[in-house]
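Colleague: According to TrEMBL, the protein has these features:
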BINDING   H30, H32, E193, D322  divalent metal cation 1 binding site
BINDING   E193, H225, H254  divalent metal cation 2 binding site
Amino acid sequence: MADLPPRPARRVRTVLGDIEPAELGHTQPHEHVLCDMSAIIQPWGLQPVAGAPPSSPEQPAVAREFPASVRAKVAEPVRPDNYDWIRRTVLNLDNLRLLSETDAVEELSLYRSAGGGAVVDSSCVGMGRDPLGLARVSRATGVHIVMGSGYYSRDYHPAGLADMPVDAVRDEITRDVEVGVDDTGVRAGVVGEIGLSWPVHPVEEKVLRAACRAQVATGAPLQIHPGRHPEAPLHALRTVMDAGGQPERTIMSHLDRTLWRSDDLLELARTGCYLELDLFGQESSYYAFNPDARRPNDRTRIEWLQMLIEAGFGDRLLVAQDICQKVYLRRYGGPGYTHILESALPLMRHMGMSDAEIMMVTVDNPAAILTVG
């Protein structure tokens, strides 16, 4: 019997081409460099109709329930005098649009100078994904950028997605990873972030099932944005397993706004998925998307990391900041992409995490999961 040819070594697929996992360095596997999240304004009914008076029946019904001062703030540019209001409510169009390559180069250059090596831009279809822009930013800064693919939650779905067969969605995602997005030649390196609401919308479930098929076809990791409910992460993982996906090659994002009990985190860890605490630096007593959520501070996040490491799940942990708003950029008064490097890592050491444990969470684990093939 003839020997089978050796399987190609797994590599990380960045917007500038494939690299060795060891080249990544410190990696934040859930960020947004160039994105447009403003579609979230629509369900709140706050985006004004051009030319119609604020009290007009032509304006969205929900918008008419808000004071004119609130409706006006939606369209203001981010400024020092509205920064706190925007940070608390999120409801501002300028805030939700990270479209400036100049800003992106400035912010990622600071990240690079602080020791950052790579980020995943988890933006996908409907979120302003910009393959060529990401390639230019990566080239200008020296930061490796891994790009996302697939579809976000239902508020961001383009027309026609509901009618696409699941295999057509799978083929589109697979092509993004293996060939490139449209005619750009820039390839995605992650399937996701696949957006889910709670309860999960039928089209979202179809996309997740298609994403699982693309995960298997490409060998790329799957990244999931679960709905904002404690049952959502496990529900999503059960769908992954039912669809033939690979939990051990799946990243469950945003757990630090979804699960607050140690038992729930441990139960999810036992599925074999990667657990991502990706809201470092975002500390608030009020979470606009779910006021019942118990948003932790960084100290609590680190305590959860320590608990999961002690339980034997250290090699399944990831950390990031999920920067997707201007208020989190350094230029606009936020911490920038350097918060973990400059603030969280010193706190990890102060709280007793070893250098080996920090290296595992910030370097080794991303290098293990962010491979294709």
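The backbone N, Cα and C atoms fix where each Cβ goes, and this holds for glycine too.
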Colleague: For H32 (divalent metal cation 1 binding site), name the DSSP secondary structure in the helix/strand/coil scheme.
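Modeller: Note: H32 (divalent metal cation 1 binding site) is coil by DSSP, not helix or strand.
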Colleague: In whole Å, how far is H254 (divalent metal cation 2 binding site) from H30 (divalent metal cation 1 binding site) when you measure between their Cα atoms?
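Modeller: Cα of H30 (divalent metal cation 1 binding site) to Cα of H254 (divalent metal cation 2 binding site) measures 9 Å after rounding.
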Colleague: Where H225 (divalent metal cation 2 binding site) and H32 (divalent metal cation 1 binding site) are concerned, what is their Cα separation in Å, rounded?
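Modeller: Roughly 13 Å, rounded to the nearest whole number.
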Colleague: Determine which residues of this chain, when E193, H225, H254 are set aside, have a Cβ within 8 Å of the centroid of the divalent metal cation 2 site's Cβ atoms, and list them as they appear in the sequence.
Modeller: H30, S122, G192, I194, G195, Q223, I224, P226, S253, D278, D322
Colleague: Just to be sure I understand the packing, how many Cβ atoms besides its own are within 10 Å of the Cβ of H30 (divalent metal cation 1 binding site)?
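Modeller: Counting Cβ neighbours of H30 (divalent metal cation 1 binding site) within 10 Å gives 28.
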Colleague: For H32 (divalent metal cation 1 binding site) and H254 (divalent metal cation 2 binding site), determine the Cα separation and express it in whole Å.
Modeller: 14
Colleague: For the binding-site residues E193, D322, which one has its C-beta crowded by the most other C-beta atoms within 10 angstroms?
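Modeller: Counting every other Cβ within 10 Å of each candidate, the maximum falls on E193.
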Colleague: Given a separation of at least six residues and a C-beta threshold under 8 Å, show me what packs close to H254 (divalent metal cation 2 binding site) in the same chain.
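Modeller: Result: H225, P226, E276, D278, L279, D322.
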Colleague: Which secondary structure state does DSSP assign to D322 (divalent metal cation 1 binding site), in the simple three-class scheme?
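Modeller: The three-state answer is coil.
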Colleague: Would you count the other C-beta atoms found within 10 angstroms of the C-beta of H32 (divalent metal cation 1 binding site) for me?
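Modeller: Taking every protein chain into account, the count is 25.
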